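Asks: Mind looking over this structure? Questions follow.
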Amino acid sequence: MAVIKDPLRGLARPAPTASDAQIAAALAARPTGDWAVLTGAGMSTDSGIPDYRGPGAPPRSPMTGQTFRSGQAARSRYWARSFLGWPRIRAAQPNAAHRALARLSPHGTITQNVDGLHETAGSDPVIDLHGRLDRVICLQCGELFSRDWLQGELDALNPGFRAGLSISPEEIETAPDGDVALEETAGFAVPPCPVCGGILKPDVVFFGESVPAERAEAATCLAAGAHGLVVLGSSLAVLSGLRFVRSAAREGRPVVIVTDGPTRGDALAAHRSTSRVADFLAAWEAAVAP
């Protein structure tokens, strides 16, 4: 599995430009519907879903699209690990930040997360830029299936897999994409597409893949239709998110970034907070309260 180079290496944690109350007051000077929101993994850490790049996050080598397509062994390895990680992702519930953002009802939310928690919390509209883990797609015919359906199929095809592990599934660390750190995956059976016999893949954008053009265009239109952009819990390490910040700054639309560590967009931000996302959103709610 490929090692992903960290584009944040060497970047220092920035100082906040003002207090959360002051930044929230600047946001509240306009209706919340004037602001588009871009969210990243830091939005879901309080729901028990870890962050790839947050403080204390271990180095990771996530699955790439090229590796997944390279052969059955790579796909078996991915699905075996996902088989163990999916129940934890499925059980995750929206946290205070998700609920606060839904109540604020901004112009729209573009999320880099694949957990579906914004929709569960009631946010609308939401564009799942990188897809959703609760769906599976056939690479041949394009048919979509429920991840829960596939979990049942994997369970039936691999009886005793959990029991045969050298460590308990509860001790295995889960990644934001539902992957887990596990090497005991040899021989794990994966069903073909029940429609055409093709290869099944999670309906998410792997590292090295491009966001589908139609989805990217919808996100671009959503962001461009707002007065400004608020980034919550994203390091902007990947271009699919960073480009919204660059576009807003280029067009003179203000950018607010809220996340603990450094981001690739810090130099473009009109306001910068290093607070927890939930704490900042509480300040924004307080600022707009009548």
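Indices start at 1 and increase along the chain as displayed.
Cβ from N, Cα, C; glycine included.
Sharing the feature lines straight out of TrEMBL:
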ACT_SITE  HIS130  active site, proton acceptor
BINDING   CYS138, CYS141, CYS193, CYS196  Zn(2+) binding site
DOMAIN    13-290  domain 'Deacetylase sirtuin-type'
Asks: What are the sequence-distant neighbours of CYS193 (Zn(2+) binding site), meaning same chain, six or more residues apart, C-beta distance under 8 angstroms?
Replies: CYS138, GLN140, CYS141, GLU143, PHE145, ILE199, LEU200
Asks: Check the DSSP secondary structure of CYS138 (Zn(2+) binding site), expressed as helix, strand or coil.
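Replies: The residue in question, CYS138 (Zn(2+) binding site), is strand (DSSP, three-state).
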Asks: On the 0 to 100 scale, where does the mean pLDDT of the domain 'Deacetylase sirtuin-type' (13-290) fall?
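Replies: That region's mean pLDDT is 92.
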Asks: Between CYS196 (Zn(2+) binding site) and the residue listed as 'active site, proton acceptor', how far is it from one CA atom to the other, in Å?
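Replies: Between the Cα atoms of CYS196 (Zn(2+) binding site) and the residue listed as 'active site, proton acceptor', the distance comes to 25 Å.
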Asks: Would you list, in sequence order, the residues of this chain other than CYS138, CYS141, CYS193, CYS196 that have their CB within 8 A of the centroid of the site's CB atoms, where the site is the one recorded for Zn(2+)?
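Replies: Other same-chain residues near the Zn(2+) site: LEU139, GLN140, GLY142, GLU143, PRO192, PRO194, VAL195, GLY197, GLY198, LEU200.
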Asks: Which three-state DSSP class does the residue listed as 'active site, proton acceptor' fall into?
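Replies: SS state of the residue listed as 'active site, proton acceptor' = coil.
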Asks: Long-range same-chain neighbours of HIS130 (active site, proton acceptor), Cβ under 8 Å, sequence gap at least 6?
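Replies: Once residues fewer than 6 apart are set aside, HIS130 (active site, proton acceptor) is near THR111, GLN112, ASN113, VAL114, VAL204, VAL205, VAL211, SER240.
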Asks: Please work out which residue of CYS138, CYS141 has the most C-beta neighbours within 10 angstroms of its C-beta, and give that one of the binding-site residues.
Replies: CYS138
